[in-house]
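One structure is given below, encoded as structure tokens.
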Amino acid sequence: RLQESRERLSVCSKLCYAVGGAPYQITGCALGFFLQIYLLDVAQVDAFYASIILFVGRVWDAITDPMVGFFISKTPWTRFGRLMPWIMFSTPFAIISYFLIWFVPDISTGQVMWYLVFYCAFQTLVTCFHVPYSALTMFISREQSERDSATAYRMTVEVLGTVLGTAIQGQIVGKVDTPCIESPFFFSLTNSSVAMEELNMTHDTESLTDTRNAYMIAAGVIGGLYILCALILLLGVKERRESSELQSDEPVSFLQGLKLVMNHGPYIKLIAGFLFTSLAFMLLEGNFALFCTYTLGFRNEFQNILLAIMLSATLTIPLWQWFLTRFGKKTAVYVGITSAIPFLIMVVVMDSNLFVTYVVAVAAGISVAAAFLLPWSMLPDVIDDFKLQHPSSHGHEAIFFSFYVFFTKFTAGVSLGISTLSLDFAGYQTRGCSQPDQVNFTLKMLVSAVPVGLILLSLLLFKLYPIDEEKRKKNKKALQDLREESNSSSESDNTELASIV
């Protein structure tokens, strides 16, 4: 009991840990929603080159996760820990590169390389922050219940971060009218060089300058929040070292660790299940605005509907934390993910109805909260199971977390490609007030039939996941026994050394 009380985290420590998850979500949402429009309308980059910047940046973002995981696994322990120095030193450079993404350089050539370099640089630096921060879950406490509770705090703050990032960027930029261009696809409908010449002649240069300044102000505000959150994390959280790792400072072999991790059955089954779950919800998230606008006809309501999804997800994360503590994590997976299925079918089968759409949005937010919380709550259980099977192998936590993030980002790219190709094949009209029947049918498939099928497939995979509540409790007790044995061995060695002296 005394040992458990020592491992118990205060509410302040949990909040400080949770705040560290906000920078990744705030910057990610701002870039995700506004970077394409910024490149086309404000920086006036040609649409073809803008697509290259966005695609290469997304691919590079996925690649950097296992790379950073590799370097973290080779990092020796310092007096600040092994993970905290990565967070500490990457933060200032990440702020600089993020600000320069939203700066329009006064150069005639090389503008594309400017944005490509700084976009990829920021993705690398924010990965150097987020991968060690994710792995930090295993080093704030050795108690599973405390880690689960801290994860719930973290998920709540991260969901709030997604709302905050969109709100800050949208409110600051929205106060300034961007001149003339109403659609980010304008350059694809006409000759880009001719269009730019006409824009330079007809558009108000002063107004465009105001828009550019607004983007830089938004970048400055978000950069300030990034620094504040990083400082709260660094000052309010202590990275604890496992007692079993105190015996050796030798860095582990990354390739050997990767082989061990990828051969660990529970990990493969867990990430496979959440891979299909993530794909389902990302398809829903990426196409729900288009579905509300064209298929349901709620052109002026889709922003409020999306806000309802995010607020519902934020408010129900504590509910899911209580539920998984009370009934177990596998049960929470089944209930949380399947709760969206009847509502996804309802919104497609029933006639267009605003009230029903809001009900579906709230239900989708409840499932999004479960899908958001549960992977980060279940990954530590997999790592504990791995430690029991490989007690002499240490330092692989970053590999577990970095490859899960890699697969999640890869899934995001796949969902984006599937959606774009499907809508283009169906004949999507970029500036039309309405869409052909084929497009409406495709949108129904992308927000209902395909996600439901992927959710059902993920449930079959979760059925194979071996760590249920009984197994988790056995692993917890076995790890406690190992730690007590290690501590008693260390104390006896110290006693023997003292008697010799």
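Along the chain as shown, the residues are counted starting at 1.
Glycine residues also receive a Cβ, built from the backbone N, Cα and C atoms like all the rest.
Note on TrEMBL: of 158-181, 398-421, the range annotated with the feature transmembrane segment is 398-421. The transmembrane segment (15-35) shares the most Cβ pairs under 8 Å with 214-237, out of the stretches 83-104, 214-237, 331-349, 355-377, 441-465. Long-range contacts of the transmembrane segment (116-140) within its own chain (CB-CB distance under 8 A, at least 6 residues past either end) are made by residues 9, 13, 17, 20-21, 23-24, 27-28, 35, 52-53, 56-57, 60-61, 64-65, 68-69, 72, 81-84, 86-87, 90-91, 93-94, 97-98, 100-101, 146-147, 150-151, 154, 230, 233, 237-242, 376, 379-380, 383, 397-398, 400-402, 405. Contact between the transmembrane segment (304-324) and the transmembrane segment (355-377) holds: at least three of their C-beta pairs are under 8 Å, each pair 6 or more apart in sequence. Stretch with the most C-beta contacts under 8 angstroms to the transmembrane segment (355-377), considering only 214-237, 331-349, 441-465: 331-349. With a threshold of 8 Å between CB atoms, the same-chain residues lying at least 6 positions outside the transmembrane segment (214-237) that come near it are 12-13, 15-17, 19-20, 22-23, 26-27, 30, 34, 38, 42, 84, 87-88, 91-92, 94-95, 98-99, 101-103, 129, 133, 136, 140, 164-165, 168-169, 172-173, 175-176.
In terms of C-beta pairs under 8 Å, the stretch of 83-104, 331-349, 441-465 lying closest in packing to the transmembrane segment (267-284) is 441-465.
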